[in-house]
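Visitor: Per TrEMBL, the feature signal peptide maps to 1-28. The domain 'Plastocyanin-like' annotation in TrEMBL covers 37-150, 164-313, 420-552.
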Amino acid sequence: METLKNFSIMFLGLFLLISSTLLSLTSGEIQRHQFVIQATPVKRLCNTHNRITVNGMFPGPTLEVRNGDSLEVKVVNKARYNVTIHWHGVRQMRTGWADGPEFVTQCPIRPGGSYTYRFTIQGQEGTLWWHAHSSWLRATVYGALIIRPRLGESYPFPKPNLETPIVLGEWWDANPIDVVREATRTGAAPNVSDAYTINAQPGDLYKCSSKDTRIIPIDAGETNLLRVINAALNQPLFFAVANHTLTVVGADATYIKPFTTSVLMLGAGQTTDVLIKADQRPARYYMAARAYQSAQNVPFDNTTTTAILEYKSSKKGNAPKPIMPFLPAYNDTNTVTAFSRSFRSPRKVQVPTEIDESLFFTVGLGLNNCPPNFRRSRCQGPNGTRLAASMNNVSFMLPRSISLLQAHQQGIPGVFTTDFPGTPPVKFDYTGNVSRTLFQPSTGTKLYKLKFGSRVQVVLQGTSIIAPENHPIHLHGYDFYIIAEGFGNFNPKRDTSKFNLVDPPLRNTVAVPANGWAVIRFVADNPGVWLMHCHLDVHITWGLAMAFLVENGVGELQSLPAPPSDLPLC
Ligand code: C2O
């Protein structure tokens, strides 16, 4: 009798254990937040300016969730600009209506309006972020999105003592919206930023900034997981911490086979998770970021932002100046190449080997000849032209009266076409001395249609038109494997043998080498309209974008549901 009772208690316990594990595996929590978009006085570099923020915070609120959790973020627009919020890197499986890019998946939230973004984090762990996806508002409207493992699960590395988001940004003394409007009017390159920032503070190498320099305290022997995010509008950045080695463990919310480095390079939009151990003499050490500038003879912000890693046992008060890290030269492409080649998935992954869609997209700048009815003041690009950018020679134009996703779902004609070319209309020596006749792109709202489930390969080929440059190409709604990178023109005969189909990194943004190429692969398993673009906002402004239209598959689980009832109207 006793044994039977014991047995049933044991059985009950086991049952409870199993069911609670199942529960935590299937259903996460729902987190609700409100983001009020509002003008807020912000003092930087000696002056106070009104800037658009979320809830008056700069940077905006950090969202902390677990894999499997759902987010409901009500965005209330109390600013005088249209706004949308994009959850950069979130896969948004069948929740394309919550992705956010203005006129792609929704019309903007007008001043006075609101919209609730609803989505679930599925199978992603690490660091992502959120930002405005309307004009250049993301200059100040951004924040970290931290995704921890499910309850009861742990990191694939020893648990760090501390975790700190390190959000790199750019600061303009001028209103960034005015900067982009002016550039759009003149056709010239916009002004560059006045400072870089770490967690929205420039740091003590800038005027009027030392007392607000960010301090990151640490105890000797502790390990901190730094979640580094490049939220800068227009600049890839190097990042290093004096005297400390960084162990890279993740990027774009995917784990990476750990490797050590003294310096990171993040293309705009990319995130990198690193472990840093306080194993040096107790003191104060700068963490610093400055430009990686691959385009030559182009003005850029060459300043340096700093924060201070401060050992708690180091002497305060009249402490000596912090130690400065070594940062690579602005144009040090070799360091960037070595760094990006170190990325591997932790184990063998399922890279698609059969390809249904083999695409080849050029990415680069261009020049538009000035229309005859334009004044000279509107033709301030090189030799009286207007600067442009394109993919496969198409300069992408957003619709203005409805979003692409609504037009697609409601079958509204005349908003877009599905003839985005799968290969460049003209083949040329992309990284050579390109003839001036090939500088002018066409303009259009062209999408590339993908059947649900198709296996896609895209060769992203940089061009040398005007200035070869490292372009951070970001795909919405997907992660992709980066199976190869190289310089010069991609050559299938020579370069296919270099494909890593074993353990390539999975990311949402690839830094395509200056004067080079990158090859990505993904499976089109998420129906909707998904923007792919250069994450340098100045290049999106000029048209360096396209969009994939991924069709529905079979049945509800492979189809995009109807839009939420509060989707903003145009
Ligand atoms: Cu973070 Cu369309 O981008």
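Glycine residues also receive a Cβ, built from the backbone N, Cα and C atoms like all the rest.
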Visitor: Is it possible to list how many residues within the domain 'Plastocyanin-like' (37-150) are helical, extended or coil according to DSSP?
Guide: 6 helix, 58 strand, 50 coil
Visitor: Could you give me the DSSP helix, strand and coil counts for the domain 'Plastocyanin-like' (164-313)?
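Guide: Here the numbers are 14 helix, 70 strand, 66 coil.
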Visitor: For the domain 'Plastocyanin-like' (420-552), report the average pLDDT of the model, please.
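Guide: Across the domain 'Plastocyanin-like' (420-552), the average pLDDT comes out at 97.
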